[in-house]
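Student: Pasting the relevant annotations from Swiss-Prot:
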type	residues	note
REGION	12-37	region 'Disordered'
COMPBIAS	51-72	compositional bias 'Basic and acidic residues'
REGION	51-86	region 'Disordered'
BINDING	192-199, 278-282, 342-345	GTP binding site
Amino acid sequence: MGFWAKLKEKLTKKTNQVEQDEPILDQQDQQDQQEEQEQIIEKEIEQIKENKIKKTKTSETKKQEKPIETLKEKKKREKQKEKDKKVEKAMLKSAFNFSKDIKKLSKKYKQADDEFFEELEDVLIQTDMGMKMVLKVSNLVRKKTKRDTSFENIKDALVESLYQAYTDNDWTNKKYRIDFKENRLNIFMLVGVNGTGKTTSLAKMANYYAELGYKVLIAAADTFRAGATQQLEEWIKTRLNNKVDLVKANKLNADPASVVFDAIKKAKEQNYDLLLIDTAGRLQNKVNLMAELEKMNKIIQQVEKSAPHEVLLVIDATTGQNGVIQAEEFSKVADVSGIILTKMDSTSKGGIGLAIKELLNIPIKMIGVGEKVDDLLAFDIDQYIVHLSSGFMQGDEVEK
């Protein structure tokens, strides 16, 4: 079995499996569970009546029985499949262009030579993954195809090299997940330039955790941009159905650190699970921004030394290499722990996340795949690589 087949099998299993560490249940889930138990009992009673036999099940027959899939498990599995379809749809443009170019190479070259690798590097450059990542992937492919230079092997080696270059051979990918933990106040700060979808992403993230049953508070600490707080208020009222709470300043240009202080105080006193902090997006004045972030960090660390648990930089995927520059600049003024890559559904060059990971060692944590409130998803490198390469690995045409 080749690498791509193994990766696809892993993704399929992951999509179908039910995680054991499920977050706390909301009231609807609890009600569903109760109804489900009642239905199971009723079915068992009916079975006994029909057979007119009370059969005692031995431990052996119990082992042989197929486990009943609970309603909650079924809902989770269906949600996971729905998320995978969203990612696949969001990557159609990137996958189409990438697969089309790889297929052109497969028709032109039957075996790999220096000229082939030059053209392969040109194709990789077009994905916006950056020159450093391009050379890394190209060199990995060369090493993996020394003995077998057939194009079938080259394609599989390309998929493995893309995966290996991003994950450093970590098959579990655990270190790339959002650092959210139970039984603590999780504090996440979002940074990024105006226009990238920072405030929208924050609202969607609030919805993401509120839907899982967590108590979420937002600190509107972008006191510089007119309309930033109003945007959050509108989101909370009209699209989040007031499921989350907000702490805001009394006036424009107020000290953002004071908003953070008030938010932390409220979050601690009222036992919130998550505090999301919106920040100003003006990178042009790095001195002021750095001072603001340092002041916020001091206030946060007075309460929790390990916080903020995430500093997430929001990057617009359609900006290409300009997004890489933004990541470089923000990493100078903030301890960025992860990337939220927005507008993945609007770009035909989906490699910017690979470029940032290679250049700055900052992983993608979440991706925006549409305009709906639930279109912010946890990033999964398995999904990304499978969908990016499925067009040329399966031999099927990827539709636009």
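Every residue number used here counts from 1 along the chain in the order it is shown.
The backbone N, Cα and C atoms fix where each Cβ goes, glycine too.
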Student: What count of other C-beta atoms do you get within 10 angstroms of the C-beta of K198 (GTP binding site), across all chains shown?
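Tutor: Step by step: centre on the Cβ of K198 (GTP binding site), count other Cβ atoms within 10 Å, giving 27.
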Student: Quick one: among the binding-site residues G192, G195, which has the most Cβ atoms sitting within 10 Å of its own Cβ?
Tutor: G192
Student: How many neighbouring Cβ atoms, not counting its own, are there within 10 Å of the Cβ of R282 (GTP binding site)?
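Tutor: Within a 10 Å radius of the Cβ of R282 (GTP binding site) lie 15 other Cβ atoms.
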